[in-house]
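Sequence annotations record features per position, and here TrEMBL assigns signal peptide to 1-29. Positions annotated as domain 'Plant heme peroxidase family profile' by TrEMBL: 30-332. Annotation source TrEMBL lists disulfide bond at Cys40-Cys120, Cys73-Cys78, Cys126-Cys328, Cys205-Cys237. Here TrEMBL flags Arg67 as site 'Transition state stabilizer'. The active site, proton acceptor annotation in TrEMBL covers His71. Per TrEMBL, the feature Ca(2+) 1 binding site maps to Asp72, Val75, Gly77, Asp79, Ser81, Glu93. Per TrEMBL, substrate binding site is recorded for Pro167. Taken from TrEMBL, the feature heme b binding site applies to His198. For Thr199, Asp250, Thr253, Asp258, the entry in TrEMBL reads Ca(2+) 2 binding site.
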Amino acid sequence: MVVSPSFSCSVVGALILGCLLLQASNSNAQLRPDFYSRTCPGVFDIIGNIIVREMGSDPRITASLLRLHFHDCFVNGCDASILLDNSTSFRTEKDALPNANSARGFNVIDRMKTQIERACPRTVSCADILTIASQVSVLLSGGPSWSVPLGRRDGLQAFFVGANTLPSPFFTLDELKASFALVGLNRTSDLVALSGAHTFGRAQCQLVTPRLYNFNNTNGPDPSIDITYLAQLRALCPENRDGTVLANFDPVTPNTFDNQYYTNLRNGRGLIQSDQELFSTPQADTIPLVEQYSSNRSVFFKAFVEAMIRMGDLQPLTGNQGQIRLNCRVVNPRRSVENDDDGVVSSI
């Protein structure tokens with residue numbers, strides 16, 4: 001069920017509380033779902049209420065926040081490096097090709113951080129805010145709930161070069177597998193399940209048009225695209241026109257987190273090449289998973305949760321590593337103070 005933005009804050013709180021009551025996962029030993037239960041018990045409510053309000057005017061926001069979490073974790077681990085603006089020490093990841101003029105939701109994260117700092121000063125990291133926001137976004141869009149391992153701290157730099165190596169929408173299946181394995185997500189189910197995040201959200205036409213008109217320099221379309229779908233996409237994305245026009249990843253249920261994405265792939269209706277590769281690559285080991293997730297939403301949801309938790313465990317900074325930024329866009333001044341996981345003020 002999709003949670004309507006008109007739901008009351010108390011309903012959102014009840015849904016999120018249900019997530020916290022689920023059995024904890026076998027996550028990184030230093031990450032735990034109850035990390036803020038004493039120091040910032042209202043963190044899920046604050047984040048959830050902001051997302052619900054934002055959904056009223058921007059139905060894309062849930063997919064955008066989930067994408068921010070992906071793009072953060074795939075570059076040097078889940079350390080909120082994607083949120084940092086340019087500084088004299090590094091170039092922002094926001095300028096990297098996969099993020100420039102496409103990554104969004106930064107202002108929403110800023111609002112979350114501001115409210116959380118008022119309620120729980122120097123306590124909740126930006127990395128954890130991103131992680132919680134992605135989980136709540138999935139839940140509010142009709143997806144599964146899960147207990148989110150928390151306790152990450154924020155990194156001290158951005159990685160522009162690394163951000164330019166994020167998985168490309170033009171990747172073949174072998175390139176996708178290599179990209180996922182490089183960060184430690186080496187199970188086929190990680191790739192197929194996390195790709196299911198494209199069951200909602202949008203992509204710019206410039207990421208689609210090469211498939212429609214000159215696929216692999218053939219002067220023709222990608223043969224794996226359904227003919228009817230090809231006509232629809234060409235009407236939306238004419239050749240040599242505005243490449244920033246948006247196309248739904250899922251033309252059937254574009255704002256709902258469900259398993260329709262996999263049915264689309266089986267029907268030749270994957271929007272970008274890297275998605276359709278999961279099903280159209282001959283004899284690929286991803287094909288049985290696409291078929292399974294298409295026919296059984298519960299199996300997909302379970303696999304997605306497992307993959308999200310594994311992704312959230314990628315090189316987290318914990319304990320005395322990193323810091324808890326006071327502003328997600330800027331590294332704290334060298335002499336600052338913050339609370340550790342026991343609420344004790346310490347200098348960094």
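Including glycine, each Cβ sits where the backbone N, Cα and C put it.
Everything TrEMBL records as a feature, shown here on the structure.
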residue	record	CB count, 10 Å
Cys73	disulfide bond	28
Gly77	Ca(2+) 1 binding site	22
Ser81	Ca(2+) 1 binding site	26
Cys120	disulfide bond	18
Pro167	substrate binding site	21
His198	heme b binding site	23
Thr199	Ca(2+) 2 binding site	29
Cys237	disulfide bond	22
Asp250	Ca(2+) 2 binding site	23
Asp258	Ca(2+) 2 binding site	20
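Same-chain residues with CB within 8 A of the center of the Asp72, Val75, Gly77, Asp79, Ser81, Glu93 CB atoms, the Ca(2+) 1 site residues themselves not counted, are His71, Cys73, Phe74, Asn76, Cys78, Ala80, Ile82, Gly155, Ala158, Phe159, Gly162, Ala163.
Within 10 Å of Cys328 (disulfide bond), as judged by C-alpha distances, no binding-site residues are found among Val75, Glu93, His198. Cα distances from Val75 (Ca(2+) 1 binding site) to the recorded positions Cys126, His198, Cys237 are smallest for Cys126. The number of other Cβ atoms within 10 Å of the Cβ belonging to Asp79 (Ca(2+) 1 binding site), over all protein chains shown, comes to 29. Glu93 (Ca(2+) 1 binding site) counts 28 other C-beta atoms within 10 Å of its own C-beta, drawing on all protein chains shown.
Around the Cβ of Arg67 (site 'Transition state stabilizer'), the same chain contributes Ala103, Gly105, Ala197, Gly201, each under 8 angstroms and 6 or more positions distant in sequence.
Counting every protein chain shown, the number of other Cβ atoms lying within 10 Å of the Cβ of Cys205 (disulfide bond) is 19.
Spatially close to His71 (active site, proton acceptor) yet at least six residues away along the chain are Ile82, Glu93, Pro98, Asn99, Ala103, Ala163, Leu166, judged by Cβ distances under 8 angstroms. Same-chain residues that are not part of Thr199, Asp250, Thr253, Asp258 yet have a Cβ within 8 Å of the Cβ center of the Ca(2+) 2 site turn out to be Phe200, Val252, Pro254, Thr256, Phe257, Asn259, Gln260, Tyr261. The Cα atom of Asp72 (Ca(2+) 1 binding site) lies nearest to that of His198, taking the recorded positions Cys120, His198, Asp250, Asp258 as the candidates.
There are 30 other CB atoms within 10 A of the CB of Cys126 (disulfide bond), with all protein chains counted. Taking CA atoms as the reference points, Cys40 (disulfide bond) and Gly77 (Ca(2+) 1 binding site) are 24 Å apart. For Cys78 (disulfide bond), applying a Cβ distance below 8 Å and a minimum sequence separation of six or more within one chain yields His69, Asp72, Ala127, Leu130, Thr131, Arg152, Met311, Gly312, Asp313, Leu314, Gln315, Pro316. For the recorded positions shown (Cys40, Val75), fewest C-beta neighbours within 10 angstroms: Cys40.
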